[in-house]
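Comments concern the structure below.
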Ligand SMILES: Cc1ncc(COP(=O)(O)O)c(C=O)c1O
């Protein structure tokens with residue numbers, strides 16, 4: 001095992017850090033060229049690049065986990081590859097083949113191995129694959145050239161509380177339209193979420209929870225994570241909607257709740273006026289992992305699911321199961337773990 005650099009591993013936040021190496025590939029004339037690692041953290045591109053004007057940009061987020069024996073796990077990277085391919089289809093960008101995508105992740109993790117947090121610290125190496133449309137252009141049409149990059153940084157908790165519940169605010173804005181780009185992990189969705197997120201944080205909330213863009217009657221998702229609830233008859237429920245990001249963590253929890261905890265599960269509508277049947281609720285995602293939702297502010301009413309200070313028992317069990325698999329302590333379902 002490579003010696004680690006000297007960082008305060010137990011207290012990492014979720015901040016950019018420039019690591020020694022990143023992966024870069026250039027797409028031109030119908031194919032990917034010049035792929036490999038580089039030490040250059042900057043990208044110089046033409047001022048007409050569609051990424052600047054028309055948001056032709058898609059990305060992914062996943063993590064590398066240090067196991068007890070020092071080895072390193074990737075969690076379901078094939079699912080991130082597939083989701084990036086779907087995002088690319090939506091924005092008329094060339095797809096990054098799964099093998100190239102996973103190969104790039106492995107190269108970046110290996111080259112920056114000294115920054116993969118130690119087992120037991122709670123930290124992970126966050127990986128950010130990113131594809132942008134570049135080159136001289138001015139009309140609203142897709143780029144003829146693209147850059148695919150993967151960079152990395154060690155991270156800790158995304159929401160301040162970790163497994164401590166935090167409060168969320170029902171958004172007055174939409175981040176994605178009903179048949180828009182909510183299902184794709186594309187830059188524009190996040191640009192649209194900056195103001196609502198900032199307003200929520202200014203009022204002391206962790207983030208906002210978006211409501212269905214048609215009527216604002218149902219829960220959609222958190223700005224950077226999906227929503228789940230546990231019903232009073234022990235069912236795992238999570239919103240079904242065309243405008244939310246299909247979270248890989250959420251689909252993993254749907255599987256684990258059913259197969260490991262023996263629960264019923266359902267992707268369904270979760271109405272604001274029917275929240276009393278949820279006895280626990282949380283935000284789930286790669287960065288958020290599982291973050292319990294304590295209170296949910298809807299207008300002038302604060303709805304508390306389980307507790308504003310304690311994590312619920314089912315949420316905790318799901319957290320232990322998921323993180324146990326990610327860090328290699330529990331047996332993973334077939335194909336979920338890829339060793340670096
Ligand atoms: C808007 C949004 N929803 C949900 C998620 C969670 O998805 P995943 O579990 O694949 O990380 C993310 C983060 O990746 C996100 O940005």
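Glycine is treated like the rest: Cβ placed from N, Cα and C.
Among the features that TrEMBL reports, N6-(pyridoxal phosphate)lysine is placed at 185. In the three-state DSSP scheme, residue 185 (N6-(pyridoxal phosphate)lysine) is classed as coil. The Cβ of residue 185 (N6-(pyridoxal phosphate)lysine) lies under 8 Å from the Cβ of 58, 59, 60, 61, 83, 84, 87, 245, each on the same chain and at least six residues away in sequence.
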